[in-house]
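Undergrad: Okay, these came from Swiss-Prot:
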TOPO_DOM  1-58  topological domain 'Cytoplasmic'
REGION    1-22  region 'Disordered'
CARBOHYD  177  N-linked glycosylation site
REGION    225-516  region 'Disordered'
COMPBIAS  262-280  compositional bias 'Low complexity'
COMPBIAS  287-303  compositional bias 'Low complexity'
COMPBIAS  358-368  compositional bias 'Low complexity'
COMPBIAS  393-438  compositional bias 'Low complexity'
COMPBIAS  449-485  compositional bias 'Low complexity'
COMPBIAS  502-512  compositional bias 'Polar residues'
DISULFID  575-591  disulfide bond
ACT_SITE  590  active site, charge relay system
ACT_SITE  640  active site, charge relay system
CARBOHYD  672  N-linked glycosylation site
DISULFID  704-723  disulfide bond
DISULFID  734-763  disulfide bond
ACT_SITE  738  active site, charge relay system
């Protein structure tokens, strides 16, 4: 034991290792290596070669194992079933289904504002498994087509006419060589379905023809000045009717049959008529024209559009729009209306009225036409449909009256008076010589809105005062001969209307409401210095139940609240709004609460987002100030109201005008209101480019709560909320409509802002009505800021 310990130190100090020798003597390093190689011999070389071979084999085995593991891991991460179900998302099917269910539950459980960007994007990504372009209509020039993929167009032997866009996908506007899709450019009316003249029909049809067009939307776009192109209607829209303008009246009838066949139905026009009553509102002038044949009036008839035909209606040169004269009157009608639905006419003949001494006579005349009549005995005649003042639901009655005499002989002059007044109850004197019967109207140009009352005559020669019933919300009409020697007196009794031709419409009139006093007369107030609530371009008639594209200029107070994008160079639609004066607009609080003033843009006079060349251009303004209601809650959407002030005041135009505000706090239960906006056509559906409108009834808050309860929801509906919708669903606002107006028509013919669209659960679902902010509760607050 001691010997090794004694020898090792000596060996360590006397002998140096090769490494030490190398450090000490670098020049003799090769000698040390030779000595080490000689000492180890051939056995060391064989060991080194074996170790190198083992290392090479280990590296190769490791590479093979890593490759196998990577392949197995890739197969586990992307199984085939997930590829089929999720496309390129790479999400397992089980997790995808569970997350989709969670998204469905979350989206249907909470209150969701009806603005864009209201839904999570993950749900849309997961539902976009198979990317498809919806077959919506597209047009290039006067060529109609369908949007689809290019390969679909080629496979269906179609013709590519242009490019179309559906969400983020670009497709081909493809047209096919079908008969319904051919539109000849040289014809003004192509492939329309004409109806027979009304003179050849025993009675008008019960309902207009409604073409069912799947996947189409009604788009009424201007196609140049003075021309209106009406496109095919959508799956929930009814057929669009285009009526020709009535020709003016002539001063003399051509034959006696014309006089007796229709009291105010002359052949052609060669006179100028205007309102002579100082209290009348509408002034209409016509140019003098040459007398034409009587049969030309019978050839103008109603025409219906079929897919995808166009109906082009040029405006006559002598036609002027009716002006508005601001006169202090108890009620006023609105603009003339454009018919969209044929009425259903039915006759009722109550018993004849009692005779009254001839000292009673009352009449208000607005238009009087006097011409000599020929010597023919009076015969049963057909009353014409008088041209109505727009907005009035009572039509003027027209009948022919001869002066009182003992025999049915000739008369020197015959006066026919067509009157439209704006009072709810007026007294109509009738000079009678023979009983006549009200038959079907013969002129298709003039259409009443709700009722046409015509006075029938008896064989007595005394004057009979009658009081017409207030059939609709605006006025009643009277006709007769006014004698200047007698002063009108008011009768103390009421007699039924002799013969009434009623027209069934889908509008809720005052007669269908249980008690007009229960609703209360809604008084309106204007926040602007000019007139409010009266559209000047479009002439609305009856409200259409079911969504459809609005006419250009029909809702001139509709605005688009937009958010700037691309560093302020462009803007995108976010919400709707309502113009209340030249400086301020009203919208929902959740539309602008999270935006800076520099991010908000207001566009007024807009109609079609996809077209710039419209009848009148839109106006876009920046925002100088925003005022969100101080009690606004983003959790419950209570007090969801905001005011936005424009940078520069607006100049009102025919397509830009303000809406009235409700002055009285009326519940408005049972009234029909109209929702307008550019929101989605269905929940999660496509966004339209043309302004849409839909009519919905206003329900009470208690009924609204019960509707939510029937749908399995318990919602708190305070009095600052206003519910509108059907129990069965089908018509409602949707994402993108938030902040837009819920407008209703008052008894004076003006539209007022009943509500601002706030929130809803889903879109157009049963027992889930849309909820708006009730503006009547905030009228003082609005006027405080805008005045």
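Numbering starts at 1 and runs along the chain as it is shown here.
Cβ atoms here come from the backbone N, Cα and C positions, even for glycine.
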Undergrad: Kindly state the mean pLDDT of the topological domain 'Cytoplasmic' (1-58) in the predicted structure.
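TA: Averaging the confidence scores along the topological domain 'Cytoplasmic' (1-58) gives 56.
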Undergrad: Hey, what's the Cβ neighbour count for residue 723 (disulfide bond) at 10 Å?
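TA: Around residue 723 (disulfide bond), other Cβ atoms within 10 Å: 27.
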Undergrad: Determine the Cβ neighbour count for residue 734 (disulfide bond): the number of other Cβ atoms within 10 Å of its Cβ.
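TA: I count 27 other Cβ atoms within 10 Å of it.
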Undergrad: I need the nearest neighbour of residue 591 (disulfide bond) among the recorded positions 734, 738, 763, using C-alpha distances.
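TA: Checked the recorded positions 734, 738, 763; minimum Cα distance to residue 591 (disulfide bond) goes to 738.
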Undergrad: Over all shown protein chains, what is the count of other CB atoms within 10 A of the CB belonging to residue 704 (disulfide bond)?
TA: 23
Undergrad: Looking at the recorded positions listed here (704, 738, 763), whose Cα lies nearest to that of residue 640 (active site, charge relay system)?
TA: 738
Undergrad: Tell me the Cα distance separating residue 575 (disulfide bond) from residue 734 (disulfide bond), rounded to the nearest angstrom.
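TA: That separation, Cα to Cα, works out to 11 Å.
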Undergrad: In whole Å, note down how far the CA of residue 704 (disulfide bond) lies from the CA of residue 575 (disulfide bond).
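TA: Cα of residue 575 (disulfide bond) to Cα of residue 704 (disulfide bond) measures 24 Å after rounding.
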Undergrad: Taking 10 A as the limit, how many CB atoms besides its own sit near the CB of residue 590 (active site, charge relay system)?
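TA: So the Cβ neighbour count for residue 590 (active site, charge relay system) comes to 24.
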Undergrad: Among the disulfide-bonded residues 591, 763, whose Cβ has the fewest other Cβ atoms within 10 Å?
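TA: Candidates: the disulfide-bonded residues 591, 763. Fewest Cβ atoms within 10 Å: 763.
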Undergrad: Sort residue 723 (disulfide bond) into helix, strand or coil using the DSSP assignment.
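TA: In three-state terms, residue 723 (disulfide bond) counts as strand.
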Undergrad: I'm trying to understand the geometry here, so how far is the Cα atom of residue 590 (active site, charge relay system) from the Cα atom of residue 763 (disulfide bond), in Å to the nearest whole number?
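TA: Checking the Cα atoms of residue 590 (active site, charge relay system) and residue 763 (disulfide bond) gives a distance of 18 Å.
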